[in-house]
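Scroll down for the structure; my scribbles are underneath it.
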Amino acid sequence: MKIYNEIDLYRYNTMKLHSIARIMYEPENVDELLAIFRKLKKEGTAFYLLSAGSNIVFGARIERPIVYLMSFNTNMSFGEDGTLECGASVRIQSLLEKMKEFSLGGIEYLASVPSSVGGAVYMNAGRGRKMKRSISDYIESVRYLDVADMQIKNIYGNDGYLYRTSPFQSLNTVILSARFKFVKQDVDITNRLIKERLVYSQRYLSADKPSCGSVFCLMNPVIMRLLRGTGYGGAIFSKKTSNWISNIDNAKVGDIEVLIGKAIRWHKVFFSKYKVEIRFFR
Ligand SMILES: Cc1cc2nc3c(=O)[nH]c(=O)nc-3n(C[C@H](O)[C@H](O)[C@H](O)COP(=O)(O)OP(=O)(O)OC[C@H]3O[C@@H](n4cnc5c(N)ncnc54)[C@H](O)[C@@H]3O)c2cc1C
């Protein structure tokens, strides 16, 4: 297990914020993962789980221990029943490559998302709300550590998933792996769909500057459109993409909070519903 003290999290978050974590653990297999959670549980210490860091805004300093989950389970195996078991630490792009080996498809729209499989399951990553497509469409089961009793358990099926919501968001759990049943698909079609997604992402999303993707998962689109180009400190609501904050000049967590606060105030003025999608680790 790797242990980092006073580490700058710059390379661990896609918003590219400088943040100092007092301590970060990087378990390199499931046994090490269990050992670290046993220790934290025994001490009664609260912790943060970090995967690819593409949906997290870090505070300037983080006292709570962070458990970094990108190394403990990178396994992928294809079962005789046509399912693909995939470790939580696997990057979505590696999963897509593996799917091609078995002529499987279905989640090409995630090709532009800098996510881990664990993070994608936790966030139920997918397309925009109207598209009604997300990674949970293909979930057969998810294996997880229940930190409450330190038992490894499974959730079968995909009933508890909604738009950008998974059952794990209300549980104290660590996703270990997921078993997917993807659709049979010719590799040429998969390659074409991936290419189309990357072109779309380049054309319509502000992926050229550090960001966390969409800020809100429930919002008033008119308000978000009007906020385009509004900046504070080193952060700005993208001029190109609604509901998207970019780090354009060494932004700080406070800059991002001010922008989100401004959007929330406008939602309150117009009695519009909102829900912030980005997670804050402070
Ligand atoms: C350029 C860009 C484009 C994006 N496009 C999309 C998009 O099209 N669709 C979409 O849905 N999202 C998109 N996002 C947002 C983000 O990529 C997703 O939410 C992603 O699934 C987060 O995964 P992650 O591995 O980065 O998780 P992290 O950001 O590291 O963590 C996110 C949350 O999941 C929890 N978590 C992570 N791993 C585990 C685990 N193994 N067990 C339990 N909890 C865990 C963390 O504690 C945290 O609360 C985009 C982001 C960027 C930067």
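One-based numbering along the chain as shown.
Just so it is clear, glycine is given a Cβ too, placed from its N, Cα and C backbone atoms.
Since this is a predicted model, take the numbers as computed values, not measurements.
Feature annotation from TrEMBL assigns active site to Arg164, Glu277. Sequence annotations record features per position, and here TrEMBL assigns active site, proton donor to Ser214. Taken from TrEMBL, the feature domain 'FAD-binding PCMH-type' covers 15-185.
For Arg164 (active site), the same-chain residues 6+ apart in sequence whose C-beta sits under 8 angstroms from its C-beta are Met123, Asn124, Ala125, Gly126, Ser134, Cys217, Glu277.
Glu277 (active site): 18 other CB atoms within 10 A of its CB, across all protein chains. The DSSP secondary structure for Glu277 (active site) is coil.
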